[in-house]
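Per TrEMBL, the features are as follows:
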- 4-69: domain 'Golgi pH regulator conserved' (DOMAIN)
- 12-31: transmembrane segment (TRANSMEM)
- 139-278: domain 'Abscisic acid G-protein coupled receptor-like' (DOMAIN)
- 150-172: transmembrane segment (TRANSMEM)
- 205-228: transmembrane segment (TRANSMEM)
- 240-260: transmembrane segment (TRANSMEM)
Amino acid sequence: GILSIEQLISRVGVIGVTLMALLSGFGAVNCPYTYMSYFLRNVTDADILALERRLLQTMDMIVSKKKRIAVAHRTMFQRGEVHNKPSGFWGMIKSVTTSVAGSENLSLIQQEVDALEELSRQLFLETADLHATKERIEYSKTFQGKYFNFLGYFFSIYCVWKIFMATINIVFDRVGKTDPVTRGIEITVNYLGIQFDVKFWSQHISFILVGIIIVTSIRGLLITLTKFFYAISSSKSSNVIVLLLAQIMGMYFVSSVLLIRMSMPLEYRTIITEVLGEL
């Protein structure tokens, strides 16, 4: 019926799987870009010092122009306090023209200050980006950085392979009968020709892999959503954001269960399919 588990999970799964696809696509691009040394641009200390020097010069120009504005305001205030109001027709015209010229000059200086402040913000952000890139370069030279660099290449190749195989499965309407762990162990055993209990170890390795996938994917989802909600949240929208987060987590978990079936041995995959329905 309409309220059966199969119908409900199938509708929730559509949204959840789409969400997982978006996050996976973002992660597949962002992770190699973050950890692979191939995408790091060459940043030297001279580049950072030159940019910091430009930033300091811009700040000095801002301070000097703001000082000129403050001095001009103080001078105008003192003139208004010391001198009496001009009398006569020509004195009134002279005061009006002088004040207009002075105000135009101050407005022009203020526009220059606004432009320099915007330039200083951009220079500061670029300086911070150069420092972050320099830290990434130093980190890539460590053992852990080299390890992540290798993982970046490995998972990039793995991602391209998964896209290729998924396209073939969609075009030819194929469904995998063997989970990746069992298939990989079988290939390794047949290639090396060693004695190995494929069925026993494939179950344990598959469950460990499934656990790692669940933990890392949900952790990545929470980190991504937290950054997004920090950017848009306010005191009025906090309740709506918490409700939306709960809805997304529910759909994400159901979709994880649906998709993780392909990483499990056939007998356990059949049990989950019987519980969720023939999806």
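Heads up, the Cβ atoms here are built off N, Cα and C, so glycines get one too.
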Surrounding residues of the transmembrane segment (240-260) on its own chain - C-beta under 8 Å, 6+ positions past either end: 9, 12-13, 15-17, 19-20, 210, 213-214, 217-218, 221, 225, 229, 232-233, 272, 276, 279
Mean predicted confidence [pLDDT] for the domain 'Golgi pH regulator conserved' (4-69): 83
Per-state residue totals over the domain 'Golgi pH regulator conserved' (4-69) - DSSP helix, strand, coil: 59 helix, 0 strand, 7 coil
